[in-house]
């Protein structure tokens, strides 16, 4: 897997596709914290939402980083289509790690908050950032050219799903009681955002649930995506 | 499966929706054997190669390998211009295949020397010509000393010099005992590497050598002009629109012409050179409409 990640890193860095999402994220975070002071966890809920969108953009470009002919060659050398595809998802997630660290440490180290953030808050916030980025990555992979041929359709569909992920609570309120369980089918980004807005009052169980829900949801999406692609292999190209 | 076969396809079919690209394809490839697949654009050559390489699933049939760890090298019809040097690229591919580091470095050096790319190994592939890229394509396919080399139109778009060099490289690879399965457009690779040539027509595989042999044997019982025709190695394939009566008339006049039914009521006629001019003249007299005409070199 390290060899695959190293190869994907060479391809991604040299493609310069990382430039726009990384620049927008770094610029956005520094811009937002230009006004001080800020509440700690509420600010992190914003940067998690921001990282969720940026991670989706990174995954969207990463899944199609190779030309179809090269993808066939990589698959034969790596010996497994599941491994190469999972490698792309894993690489996308690892790529968001420094972004998550920046989002957590920059405001804490440069006194952008209204108080000093505790170590437990910083650690949990980093984990929430990573859970949010994993969710964004596993959602966006479904809209790569492997499953949706038209770039316009895939971009618009992904944008819609991202908007829906931010609107789960309002949508739930509008749904009749019999359809309310459908909420569990929607991306659980809202779990993290709502929790961070009421972090002081939240129980440990709810804090852990807000962390586990996007990770589990993302992992299920990832498993289904890999199963589907393994069945089709390179037929989609 | 034959005992010597590296890979055997049994009644393989491939459908995309309602479109059947390959139908009942059976093929067996032994060690050191060379098979060329020919056919028009979109006939399913690349699809067949991808099925052989295990890159895409098939709808029906069976694919058997000599052993589970059969090493297959695959060279697609073109390699992407990556922003890395050929050495970096091959190192990545070798590491993906879990080749030991020292063995990989030695192999990369060998391949650069073998394909005459030593001068360009520090140049990024974005600056490579098509011929150089095709060499790197073959280098990655042969990185692991494959038992079976699957090549998708390896000579397409190359200049004369590159073609000559690639041909001699492939001849050496074949001489080392590697089996080769290649999709080709022209006869050059087939004539240089020998082996069996198959045609894919409407999703079905036809052995052109058997076809040529059939034509050849019928010619032997015919006049000397027919022998000359085979020596020249040319047959003509005509796609015609004609009635049943016209077909009977032509069959009577030209018993050696091979007829086959096509879609939309059209007929294909495979004509030897000796019959070609008289058949054309008869067609004009009969006002038979010709849809297409193709001259084909018969593999000898």
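Here the Cβ of each residue, glycine as well, is placed from N, Cα and C on the backbone.
The shown structure was predicted, so the numbers you read here are calculated from the model rather than taken from an experiment.
Feature annotation (TrEMBL): of A:21-40, A:181-200, the stretch labelled transmembrane segment is A:21-40. For the transmembrane segment (A:46-65), the residues of the chain that approach it from at least six positions outside its boundaries are 8, 11-12, 15, 17-18, 20-22, 24-25, 28-29, 32, 85, 88-89, 91-93, 95-96, 99-100, 103-104, 125, 128-129, 132-141, 143-146, 154, 158, 162, 165-166, 189, 192-193, 196, judged by C-beta separation under 8 angstroms.
In summary, the transmembrane segment (A:126-143) does not lie against the transmembrane segment (A:21-40): fewer than three C-beta pairs, each 6 or more positions apart in sequence, are under 8 Å. Same-chain residues lying 6 or more positions outside the transmembrane segment (A:155-171) and placing a CB less than 8 Å from one of its CB atoms are 49, 52-53, 56, 60, 135-136, 139-140, 143, 148, 183, 186-190, 193-194.
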